[in-house]
Structures are given as C-alpha cells and as structure tokens.
Amino acid sequence: MKNILSKGQLSILIVLGILILDQVIKIEVKTNMFYNESIHITDWFYLRFIENPGMAFGMQIVPKAIQTIARTIFAIAIGWYIVILIKAKYKRGYIACVSLILAGAIGNIIDSIFYGVIFSKSTPTEISTFVPIGEGYTGWLHGKVVDMFYFPLFEFNWPSWMPFIGGDNFVFFSPVFNLADAAISCGVIILFLFYMKSLNSSFSLCTRSPYQKK
C-alpha cells in the first residue's frame, strides 16, 4: 500500500502539528492562569503553571542568551540532518522520531526568543497579557519557557533511618513539563528502544553521500 504522505511531508506535518499545539497550550496557560496556579484534573494529573529559564524540565547550564543561540543552531542542525535522512532513504519511523525532537526543540526556542518581549510578567497575583513588542518582562533571547503538565503518579516518605534523605517526601513524577519537552523525550526514547541500528549508522552519514541507501 502506497503511503499517502512522503517522508518529507510526514516530517513537516509532525513538526507543524506539535509546534501549533504546543504554542496554543502555552499561550492559553500563560494568559489565563496565575504563576504557580494549579488546576486539579485527577489525583495524578494537574495543570500547574510555572516558567523556567532553561532547557527541558528547567535545566540551565550556561547564560540564557548563549543557551538560546546554541539551541537555535542545534535545531537548524537537526533540520539539516532530517533532510539528509530523507535523501538517504532512512525508515519513516526513524525520521518521525527525529522530527519529534526537532519540533520540541523549536517549541521551546520560540518561548525563549519571543515570550520575553510580547508578554507581561506572570505573577501569583497578576495574569500575563500580550504587550507591544519591546514592552515585555525581559529582552530578546531571554524569555522563560512555559511549563504546565504535572504528573505526581505516586509519592511516599523515605524511612527516617535512611542517611541524607530520611524523612524526605519523594514524588514520582515531580518535574513540570510542556508538550515540547514531551515530544523531545518521546522521540529520544523511541530512537533508543527501536532504532539504535539506524542511529548508529547515521553517525557517519553526514560525512558520506546523503544519497546512499540504508
């Protein structure tokens, strides 16, 4: 049976679909919720609005502007890599996984580049609104990433006799994340579970002719 979409069309559809949905959710949360507000959906799922200055799940290693530029370069490299994968006739599933990673990367980059200049500051007492460009809560490349999904699947207290962590509360899964983070995580996990052979062979792909079939 012939595929309805080409590999290139599939990749574009995945990236655009994730990007649009990710940004719609983020804008809805940012313009309708107070900072750190939590909405109970079920006992194991909450919408909780927080913002972080870093990468996936709030990580930050280098200054914000440098991080944003580095992530943008990384996203461009992934896009170029996908083009090579398509020309080299890699499997659709592998290309789809890499496209998920690209979509997630771009989704958070958009926050970092633009949100600081088009939104007012979110606080526990004031909901953010759109503002004229340049009148936002910070400058270009310094925007904070909007997170909202919180899944405290289970929690318990460590026994008091345990060193260092005795008596502490443990929650799984404690990080608050967004759809872009989820897309990156799913893409990476599926790659390692089902496409290790393709992943390994692709390491040398960029130094060879992109038209060599795999």
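Including glycine, each Cβ sits where the backbone N, Cα and C put it.
The transmembrane segment annotation in TrEMBL covers 65-86, 93-118, 170-195. Here TrEMBL flags Asp147, Asp181 as active site.
Within the chain, the transmembrane segment (93-118) has long-range Cβ neighbours (under 8 A, six or more residues past its boundaries) at 7, 10-11, 14-15, 17-19, 22-23, 26, 30, 55-56, 64, 67-68, 71-72, 74-75, 78-79, 81-82, 85-86, 130-131, 133-146, 178-188, 190-191, 194-195, 198-199.
In three-state terms derived from DSSP, Asp147 (active site) belongs to an extended strand segment.
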